[in-house]
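Copied over from TrEMBL, here are the features:
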- 1-23: region 'Disordered' (REGION)
- 8-23: compositional bias 'Polar residues' (COMPBIAS)
- 89, 94, 153: S-adenosyl-L-methionine binding site (BINDING)
Ligand SMILES: C[S@@+](CC[C@H](N)C(=O)[O-])C[C@H]1O[C@@H](n2cnc3c(N)ncnc32)[C@H](O)[C@@H]1O
């Protein structure tokens with residue numbers, strides 16, 4: 001996700017001539033995250049207090065999505081839980097334990113850093129744990145894995161634009177009919193994507209996200225800005241997507 005704070009943007013962030021995402025280096029990103037303490041403070045880059053408001057906002061967003069479900073949907077109707085969800089780029093499972101296990105029977109985890117997933121592995125409601133980057137994750141329907149909800153938060157900036165589109169294109173293959181892909185990320189407000197060398201990630205603009213979703217063949221079902229975030233942080237936006 002890069003740093004949260006807007007004023008942490010590098011001063012030359014908007015003048016670089018190379019595409020910001022071309023500077024992403026996965027080894028550097030993993031070196032950074034592997035040396036980060038496995039706590040909420042660690043995965044949120046020093047703003048642990050935003051977690052509660054973030055989880056509350058996500059819970060509301062999801063409740064609205066579920067209420068708006070359509071007749072073709074294969075999803076269990078509320079108040080029944082979703083069957084299976086997956087927390088992608090999950091870190092220590094902050095969202096898994098704070099939200100997803102409450103709304104789904106089983107939650108799988110995709111996260112490259114083992115010392116993060118060690119925190120959440122084996123907890124109630126946690127299913128498979130895949131220690132791999134999203135760019136390398138090849139989820140398959142064989143064995144009955146199908147997700148009602150695929151949650152991606154504060155992690156897709158670790159992927160280049162091309163990797164993100166390729167990843168998003170793979171997801172409908174394991175998404176239930178009527179299920180959602182949620183992307184919740186910081187937004188760049190400078191008019192351009194911004195590279196952050198701290199964790200070797202990019203912070204994208206809203207326009208870039210929408211263009212990449214379109215390129216991946218996904219339809220934007222619902223989008224919302226997270227309310228109640230401190231004013232000195234990047235705005236945070238949730239996007240719910242379905243295959244076209
Ligand atoms: C800012 S933390 C967010 C963690 C979690 N989503 C949350 O909101 O609490 C970013 C996470 O992305 C993970 N990450 C780094 N590179 C990744 C990649 N290529 N694919 C998936 N996750 C990655 C990091 O290890 C870290 O756990």
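Placement of Cβ uses the backbone N, Cα and C atoms for every residue, glycine included.
Other residues of the same chain near the S-adenosyl-L-methionine site, with their Cβ within 8 Å of the Cβ centroid of 89, 94, 153, are 43, 87, 88, 90, 91, 95, 151, 152, 154, 155. Within the same chain, residues at least 6 positions away in sequence whose Cβ sits under 8 Å from that of residue 94 (S-adenosyl-L-methionine binding site) are 40, 43, 44, 51, 55.
A simple way to gauge crowding: the CB of residue 153 (S-adenosyl-L-methionine binding site) has 23 other CB atoms within 10 angstroms, across all the protein chains here. Within 10 Å of the Cβ of residue 89 (S-adenosyl-L-methionine binding site) there are 26 other Cβ atoms, across all protein chains.
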